[in-house]
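Novice: Here it is, the structure in full.
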């Protein structure tokens with residue numbers, strides 16, 4: 001699925017209901033005392049973390065979240081009903097920012113299921129005239145209005161909690177790999193730039209769930225730094241990174257120089273290069289001399305700083321993919337969060 005990873009929303013708590021001015025009037029009680037009830041409190045706006053919510057698309061569709069106002073007070077000492085709360089469900093791994101004077105001020109971070117954040121408090125109820133009666137004021141004419149609910153502009157920024165992150169140049173087989181192993185079906189072709197958004201997918205292998213995230217190419221398409229960083233952030237929580245490449249057997253140095261740009265970018269973003277990274281050499285079925293190809297692959301891996309952490313796969317040969325998945329599963333078992 002395409003990943004909507006940020007949204008700006010407006011939240012507002014409901015206004016408090018106003019108090020009522022009323023006096024008891026019955027057949028044999030022409031001058032009864034005050035019986036104006038209080039208003040209801042305005043509803044609150046909450047953010048809940050939800051394990052079944054996977055992105056922020058719903059916050060792009062509905063940008064305004066306004067809680068219900070409290071009802072006004074009524075006669076016969078009847079209080080108005082409180083306004084209903086509004087609940088915004090977000091994925092686990094969402095940062096919550098209040099936007100004030102064009103600055104993003106961190107408010108909270110969702111870390112587990114059903115975590116709650118009160119982001120806009122409803123207004124306090126108004127008081128009816130019955131509240132103000134006293135021995136010296138038996139017919140109060142005063143009441144109060146309900147308070148206004150809080151209102152804020154909020155930025156939501158979601159960082160996916162994946163186990164394995166995929167990166168590399170376009171047309172290196174990342175999308176094909178994701179489709180072959182998981183429940184995600186990204187757009188695939190023999191042309192570059194088909195991965196334009198982060199993709200998330202999951203694989204159940206030997207009764208173990210593995211979550212993958214595939215991010216677009218760092219360089220191609222002339223991505224600006226802020227957009228590139230928006231993609232790179234989804235690798236932050238990964239325990240393992242897979243660097244997909246196509247090895248040019250006719251010009252190994254060209255491959256190395258090209259891939260060093262990816263590594264430079266990776267090093268520039270919050271120490272991502274310190275994470276375990278495996279080099280995945282794709283499309284090995286098109287190479288004829290396997291011995292020469294292996295030596296070239298080893299040379300490329302060493303030159304990029306991966307040493308012996310490289311694997312060959314062919315998307316036309318599921319056995320090679322199954323071997324890689326077994327290796328990944330073993331690594332994740334040995335390196336639990």
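Each residue, glycine too, has its Cβ placed from N, Cα and C.
These figures come from a predicted structure and were not determined experimentally.
Checked Swiss-Prot, it gives:
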BINDING   168-175, 193-197, 214-217, 282-285, 314-316  GTP binding site
BINDING   175, 195  Mg(2+) binding site
DOMAIN    1-161  domain 'Obg'
DOMAIN    162-333  domain 'OBG-type G'
Novice: Tell me, by DSSP, whether residue 175 (Mg(2+) binding site) is helix, strand or coil?
Specialist: helix
Novice: How long is the line from the C-alpha of residue 283 (GTP binding site) to the C-alpha of residue 175 (Mg(2+) binding site), rounded to the nearest angstrom?
Specialist: 13
Novice: Report the mean pLDDT of the predicted model across the domain 'Obg' (1-161), rounded to a whole number.
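Specialist: Per the prediction, mean pLDDT sits at 94 for the domain 'Obg' (1-161).
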Novice: Tell me whether residue 216 (GTP binding site) sits in a helix, a strand or coil according to DSSP.
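Specialist: Reduced to three states, the DSSP call for residue 216 (GTP binding site) is coil.
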Novice: Rounded to the nearest angstrom, how far is the Cα of residue 175 (Mg(2+) binding site) from the Cα of residue 197 (GTP binding site)?
Specialist: 11
Novice: Around residue 283 (GTP binding site), how many other C-beta atoms are within 10 angstroms of its C-beta?
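Specialist: Excluding its own Cβ, the number within 10 Å is 19.
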